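Report on one structure; see the data block that follows.
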Amino acid sequence: MQKSSTCSFMYGELTDKKTIEKVRQTFDNYESNCFEVLLYKKNRTPVWFYMQIAPIRNEHEKVVLFLCTFKDITLFKQPIEDDSTKGWTKFARLTRALTNSRSVLQQLTPMNKTEVVHKHSRLAEVLQLGSDILPQYKQEAPKTPPHIILHYCAFKTTWDWVILILTFYTAIMVPYNVSFKTKQNNIAWLVLDSVVDVIFLVDIVLNFHTTFVGPGGEVISDPKLIRMNYLKTWFVIDLLSCLPYDIINAFENVDEGISSLFSSLKVVRLLRLGRVARKLDHYLEYGAAVLVLLVCVFGLVAHWLACIWYSIGDYEVIDEVTNTIQMDSWLYQLALSIGTPYRYNTSAGIWEGGPSKDSLYVSSLYFTMTSLTTIGFGNIAPTTDVEKMFSVAMMMVGSLLYATIFGNVTTIFQQMYANTNRYHEMLNNVRDFLKLYQVPKGLSERVMDYIVSTWSMSKGIDTEKVLSICPKDMRADICVHLNRKVFNEHPAFRLASDGCLRALAVEFQTIHCAPGDLIYHAGESVDALCFVVSGSLEVIQDDEVVAILGKGDVFGDIFWKETTLAHACANVRALTYCDLHIIKREALLKVLDFYTAFANSFSRNLTLTCNLRKRGWFSMAKAL
């Protein structure tokens, strides 16, 4: 088995020299590649192999191993003449090989050199609109056919956001164009919406080639199942939303009512928002995102109602039967108030004048906004029966919408500032405690300083509570990460196995110290081993500073060599804000008793900067 991965011992006279050189270069350059190579068995029988080479990298991105995979593809290559087939035609040899190895042929999956490798993008995880996404931890991407797109890949995520933006564009522009008839003879709008229609049509094609998550949580990549699922769910709605209604409206002989109906049918694109609405649980934890979403929904509803409000006024302002102006219409009143009254052109036989389209939309939106927020000033008011009925319905919708959206603003802000409120509540309780028990001023200041500094470092997060939620294996992994600085900086842990490090990590505790805090008092028991991760401390004996401890130093007692608890021979006090990782005596001895090989290495390689058991013993490098 101790042979080269290049398989040079299997080369023969028919092995391609160029392929041999490519294999060698792949190993030398630490690359991934695949080859079809002819090798020879011990009995000199030639065999075709599909060879795949993949470098394995460690956490430092260094190649530590090569993974070589070989698949026998002799059946798919030109059959090689042997003693048993001499004199046979090439077709006869191929037929025998295929008939005798049918089972192998069915099991062998042909490989494609240009196979697409989908990477699980972090961007896709953050921006993914749907909840149908694989877990964010390490997971191998499923193998899919070349024409199938993974629903959580970066391209599909970006495409979904483009479709979402165009959906909102449709939600805003379609009601506006239908009500204000802005597309009449406007080529720019026609071209723009035609482009949007084409993009939605491309989206339908992509959806027929995009994976989805099945009921069991598995990624479905079978093309037939994908098509059936899409046809049963969103295909009809997507098809109706991308039909070229604007092109139909462009014809002069199309009836205006039919034209408006075709344009209104584009509103079915808003049903696409259902996909987003049912999958917004990813963003509900972000208060700011929910607040922005609610405000956008409120503005969108107000926009729709403004378009309807204008349509009612535009329909009633001129009586088509008598060809007279309706003076009680809100449009007529608005035209008089802004100085642009309606007038009848006798030569053309039509009514002219009136406010501009922009002014009409702004006034309509102003009215709906004031009505929805129950503020209405009365300067724009319903006068006709239809306007009053619409206003009543709008007020009913507005009351519900206002209560739903703005009633949640207080809750959202409370959630956003929950930690801040908890912080101030804790400070008030501590102040009341210090006043009630008349704690001396110096000690009170130290207590307040410690609480403030600890909160600024931990952000009020209870580490133990978070770890208690996680399962045992995951909790050990998190603890190893939290104590990585200790394990990486001290040579005593270099020979520890993964199991040993995990056992040690769960026993470590992290403490934050403010300037002036005493970690050890002279005479008290030394029951923990302390590793300094950041900050500076001083060791005081007989009112004299005998050592300064900093990052990378260790102080405590050599429990593994002693049978009794030691009494601290000095005070250890923090000079600055410090982070200490400590492990209790009982926990350390329990791990050392179980991992005996590590215990010997730990005892040899760990050097205490300051041994609090022995008076006057400290590292000369740290002495003043």
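Glycine is treated like the rest: Cβ placed from N, Cα and C.
Going by TrEMBL, these are the annotated features:
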DOMAIN    33-85  domain 'PAC'
TRANSMEM  161-180  transmembrane segment
TRANSMEM  186-206  transmembrane segment
TRANSMEM  288-312  transmembrane segment
TRANSMEM  360-380  transmembrane segment
TRANSMEM  392-413  transmembrane segment
DOMAIN    492-592  domain 'Cyclic nucleotide-binding'
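Per DSSP, the secondary structure of the domain 'Cyclic nucleotide-binding' (492-592) breaks down as 21 helix, 44 strand, 36 coil. Remote same-chain partners of the transmembrane segment (186-206), defined as residues 6 or more beyond its termini with a Cβ less than 8 Å from a stretch Cβ, comprise 149, 156, 159, 162-163, 166, 169-170, 173, 177, 235, 238-239, 241-244, 246-247, 250, 269. Predicted-model confidence for the domain 'PAC' (33-85) is 76, expressed as mean pLDDT. Beyond its flanks by at least six residues, the transmembrane segment (392-413) meets 287, 290-291, 294-295, 297-298, 301, 305, 309, 368, 371-374 of its own chain at Cβ-Cβ distances under 8 Å.
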